[in-house]
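Features of the protein shown, as given by Swiss-Prot:
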{"type": "BINDING", "residues": "HIS111, HIS115, ASP300", "note": "Fe cation binding site"}
{"type": "BINDING", "residues": "LEU134, VAL135, SER136, GLY137, GLY138, ASP167, GLY180, ASN272", "note": "substrate binding site"}
Amino acid sequence: MRVLGIETSCDETGIAVYDDEKGLLSHALYSQVKLHADYGGVVPELASRDHVRKIVPLIRQALADADMTIEDLDGIAYTKGPGLIGALLVGACVGRALAFSWDKPAIGVHHMEGHLLAPMLEDDVPEFPFLALLVSGGHSMLVGVEGIGRYTVLGESVDDAAGEAFDKTAKLMGLDYPGGPRLSKLAAKGVPNSYRFPRPMTDKPGLNMSFSGLKTFAANTIAAEPKDEQTRANIACAFEEAVVDTLGIKCKRALKQTGYKNLVIAGGVSANTRLRASLSEMMQGLGGKVYYPRGEFCTDNGAMIAYAGLQRLKAGQVEDLAVKGQPRWPLDTLEPVD
C-alpha cells in the first residue's frame, strides 16, 4: 500500500510518499521560518497563505521523487489536527480534493500521533508497549502506548509546553526566531551549574508538568544579571538543564508507574542534544532503551503523517467527504487500530 502524507498543521508544509513494503519513497519539506522571523513567531494568516502557495508544487515534487503519479497511490493522509485551523484546512482541502478526484480513500491524522509514531520510520523500531514523551512547541505530554490508537495520557503540561518555554525564554534573551534551537546553541557555551533554576512540579506527586514559572524565573534572572555573552550562555545553560531534568524526572516516575522498559521521545524538542543524552543515560541505567526519530523527522513532516495514515487506512478506517480540521483533539480519544 502506498500513501501520500500531507502535513500543514503550523508553519511547515510537508509532503511524503510511504510504501508499507519499501518504506519511505520520498519526502519534501518547506519551512516558513524566514517568513515569520520578522514577527518573532508564527502568524497564522501568513502561514495559511504560504501553505496554499507551496502545497501543490511540493506534492508534484514528492510524487516525482517517488517516480509515481497520483493514480499509483492507494490512499491519502492529511493532518486533521491539532494545529492552526487555517493551516489545517489547507491540507485537508487539498487531501480531500485529491481523494475525491481520483477515487482514493483518505484519512485525517492526529498530528501528535504522527510524532509518536515517527520512530517507526527508522530501522530500529520500538515494540509495544512503551512510554512516549511528546515534546514540541504546542504540547508536552507523557503517553502510555499499548498499540496504535491505544493511548493513555499519563501527564501533560498544565500551562506552557516545553518548546514554547524554550522559544519565549530565547525571545527574552534577544535571540532570533526560531528561538529554541538558538537558545540550545548558546547553552552549549555555558558553564553548568552557574545558576540553579527550579524543577517545576517535581516535588509533587503525579506526572503533570509546568514550564510557565520556569520562564518567569528565567526572565527575572536575565533582568538582574549582566548582559555579557558568557553570563547569557550560563543562564541559557541553566534553563536548559532545568527543562531536561524536569522531563527526565517525570519520565523516570512514569516508567516506574507503568513498568514499561522502552521510552520514545518525539516532537520538535526531541532534537535537543542535551535531552537525548540525558534520557539515553537514564534509560541505560534503568536497563531499558530509548528511541527517537532522526533530526529531520523530529520537526513537523509529511513522512510521519503518511506512516500513521497508512496504518489506519490498512485497518479500514476512512474519512467521509467532509473537510474537517480540529484545532483541539485529545490524543486519547483516537480509535484503536486492531
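Just so it is clear, glycine is given a Cβ too, placed from its N, Cα and C backbone atoms.
A map of Swiss-Prot features onto the structure.
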residue: HIS111; record: Fe cation binding site; Cβ within 10 Å: 28
residue: HIS115; record: Fe cation binding site; Cβ within 10 Å: 29
residue: LEU134; record: substrate binding site; Cβ within 10 Å: 26
residue: VAL135; record: substrate binding site; Cβ within 10 Å: 28
residue: SER136; record: substrate binding site; Cβ within 10 Å: 24
residue: GLY137; record: substrate binding site; Cβ within 10 Å: 24
residue: GLY138; record: substrate binding site; Cβ within 10 Å: 19
residue: ASP167; record: substrate binding site; Cβ within 10 Å: 26
residue: ASN272; record: substrate binding site; Cβ within 10 Å: 26
residue: ASP300; record: Fe cation binding site; Cβ within 10 Å: 26
Distant-in-sequence Cβ neighbours of GLY180 (substrate binding site), under 8 Å, six or more positions away:
GLY137, GLY163, PHE166, ASP167, ALA170, GLY268, VAL269, ASN272
The rounded CA-CA distance in Å from VAL135 (substrate binding site) to ASP300 (Fe cation binding site) is 12
For GLY138 (substrate binding site) and ASP300 (Fe cation binding site), determine the Cα separation and express it in whole Å.
12
Can you grab the distance from ASP300 (Fe cation binding site) over to SER136 (substrate binding site)? Cα atoms, rounded to a whole Å.
10
Structural state of HIS115 (Fe cation binding site), classified by DSSP into three states:
helix
For VAL135 (substrate binding site), which DSSP three-state class applies?
strand
Can you check what DSSP calls ASN272 (substrate binding site), collapsed to helix, strand or coil?
coil
How big is the gap, in Å, between the Cα of HIS115 (Fe cation binding site) and that of LEU134 (substrate binding site), rounded to a whole number?
7
Residue pair HIS111 (Fe cation binding site), LEU134 (substrate binding site) - Cα distance, angstrom, rounded:
11
